[in-house]
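According to TrEMBL, the features are:
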DOMAIN    8-174  domain '3-hydroxyacyl-CoA dehydrogenase NAD binding'
BINDING   G13, G14, G15, V16, I17, G18  NAD(+) binding site
DOMAIN    182-247  domain '3-hydroxyacyl-CoA dehydrogenase C-terminal'
Amino acid sequence: MGDPKPRKVAIIGGGVIGGGWAARFLLNGFDVAVYDPAPQAPRQIGEVLDNARRALPAIYDRALPEEGLLRFCDTLEDAVSGAEWVQESVPERLELKHSVHAAIAAAAPENAVIGSSTSGFKPSELNSRGAGAIVAHPFNPVYLLPLVELVGAAGACARAADILQEIGMYPLIVRKEIDAHIADRLLEAIWRESLWLVKDGIASTKDIDEAIRMGFGLRFAQMGLFETYRIAGGEAGMKHFLAQFGPALAWPWTKLTDVPDYDDALVDLISGQSDVQSGDLPIRQLERRRDDNLVAILRALRVNGDAAGKVIGEHEKMFPLESMLEGLPVTARRRVPSTWTDYNGHMNETFYLEAGSKATDGFMELIGADSDYIAGGLSYFTVESHVRHLNEVHSGDMLTVTTQVLTGQGKKMHLFHRLHRGDGELAATVETLLLHMNLNTRATCLPELAVAQKLSGYAVEHAGLKAEGSGRFVGERKADIAPPPSVRAMSGEG
Ligand SMILES: NC(=O)C1=CN([C@@H]2O[C@H](COP(=O)(O)OP(=O)(O)OC[C@H]3O[C@@H](n4cnc5c(N)ncnc54)[C@H](O)[C@@H]3O)[C@@H](O)[C@H]2O)C=CC1
Ligand SMILES: C[N+](C)(C)CC(=O)CC(=O)[O-]
C-alpha cells in the first residue's frame, strides 16, 4: 500500500493572511506551495510559522499530524499544480484579484477549491470575468481562530467546508452574498464608531481598546451577541431586552452610516495614539502576546466544550494515536506547550501528572471505560500516584506516553505510564493506582464484565514486561529498586 499521497494546497499571496493559511495547512499535515513575488515573503512566512508552531499545538491535548512540506514557487502555475485547494490572499484591490484569479483558473486542477480571503468583495464581483472562486474569509491569526466565512457556489462551499473541518476550522456558510459578508459588517460598525470617537476627541485608541477588552469583548468569545443579550433581558429574556433597549437605536447613540473623512489628520491622530499605546513592542512580540492569550481563552472554552472550544474538541478526535511503542499501547501523545514550562526553563512538575492523567484517560478508553461508560455512572478514581522525573523536558518536545498494566483485577487498576521524549529518552514515569467506582453511590464496585475482561487481558499481556522503577518509595536509592509485587508474583518471587 505505501504511505498515503501527500495532500497539497497552494497559497497565492503570502502576507499576513496568506502566511496564516500556510501555517494552518502545514501544521495539519498538508504540503503547501506558496507563490508571492515579494522578496521578503519567505522570511515573513517563516516568522508567522514560528509563532504558529508555538501556539497551535498548545490548544490540543494530542499531537497534531506530522507537519507538511513548505515550498516557495517562482510562478503561480507551479504553485497551483496538483493542489486540491488554492487560496488567494493578495491585497484587497479588485483589479489585482481579477488578474490573479484569471491565472489561477487557467492553471489549477479542475476540481480544486479556489478560495479568496477577500474581506469585502462578493463572489459575483470576483468572478465577473469568468473565474470560479468562492469567498473563504478567515480571521487573523488564521492558525488559531477557527472561523471561515464561505460565500458562493453551494457545491464548492460544501467541499471547502469538509476540508476546513479537517484543519480544525469552523466554516460558516453565508446564505446570500453581501459586501463584507457577516463578521466584517459587524466589525466595520465598531471600527466606524471608534474612528468617530477618536476624531471627536472623546476617547483615545487606548480608551477604546480598554472599553472593549475590559467588558463586552470578554463576553463575545463564549456567547456572541444574541445569547448575551437574552441573558441581559433577565428572567423575561429577549422580549424584555428588546422592549427596553430596542428604542435606543432611534436615539443619537450612533453616527449610523456616516464615515469620518480618512484624511491625513485622522490617520496621524490614530497612528500616533497607537504608537504611544503599543509602539515599544515589535509586531511579532505583540503577536505572541495575543497568541498566548488566545490559547488560554481557547483552552478555557474547551473545559465546557463551548463555542470555539467545541470545534477544537471535535477536531482532536481526528488525530489517531500511534498504536504501540515497545510492546505497550500509546495512550497519550502531544507536543509540550510553552505554557507548561516554568522559571527553570523546563516542563513544570504539574504537567507530568497532567500527562499521566491524560494517559489514564486514553487507557480507560482502550478498555471501554469511555465517556459513554462514565455517563452510565461507572468510572475509575485515582487513589495514589508516584511521579519520577528522569530527564528534562522542554517546550516543543514531543511527549509520547505508554501504559503498562501492573495489576488489573477486581476493583483495582494499577498502571505504569512512561513519558518518552521525541529523542526516545525516558523523561518520567507516572505510577498510579485507581479503584473502580459507582458515581451515584460514590462507593467502590466491580467494573462491567467487558471492561474487566479487557483490563485483565492487558494485565496478562504485560505481565512479562519489566517495569523498572515501579513500586518505589520516595527517596529510595536506585540500587534498592525491587520489582513491584505483581511482577514478583508473575516471576514466582515473593
Ligand atoms: N489583514 C487582515 O486582518 C485580513 C485580511 N484579509 C484579506 O486577505 C487578503 C490579503 O490581506 P493581507 O494578508 O492583510 O495583505 P498583505 O499586504 O499582508 O499581503 C498581501 C501579499 O500578497 C502579495 N502579492 C501582491 N501581489 C501578488 C500577486 N500578483 N501574486 C501573488 N502575491 C501577490 C504581496 O507581496 C503580499 O505579501 C485581502 O483580500 C484582505 O482583505 C482577510 C482577513 C483578515
Ligand atoms: C480589517 N479586516 C477587514 C481586514 C478584518 C478582517 O477581514 C477579518 C479580521 O481578521 O478581523
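Cβ atoms are placed via backbone N, Cα and C, with glycine included.
Excluding the listed site residues G13, G14, G15, V16, I17, G18, the same chain places I11, G19, G20, W21, D36, S89, V90, S117 with Cβ atoms within 8 Å of the centre of the NAD(+) site Cβ atoms. Long-range C-beta contacts of G15 (NAD(+) binding site), restricted to its own chain and to partners at least six residues apart, with a cutoff below 8 Å, comprise D36, A38, A41, Q44, S89, P91. The Cβ of V16 (NAD(+) binding site) has 16 neighbouring Cβ atoms from other residues within 10 Å, across all protein chains displayed.
Contacts of G14 (NAD(+) binding site) defined by a Cβ separation under 8 A and a same-chain sequence distance of 6+ are given as A22, V34, Y35, D36, A38, A41, Q44, I45, S89, in order along the sequence.
Within 10 Å of the C-beta of I17 (NAD(+) binding site) we count 24 further C-beta atoms, all protein chains included.
In sequence order, I11, I12, V34, D36, I45, Q87, S89, S117 make up the list of same-chain residues 6 or more apart from G18 (NAD(+) binding site) whose Cβ falls under 8 Å from its Cβ. When the domain '3-hydroxyacyl-CoA dehydrogenase C-terminal' (182-247) is classified with DSSP, helix, strand and coil residues number 57 helix, 0 strand, 9 coil.
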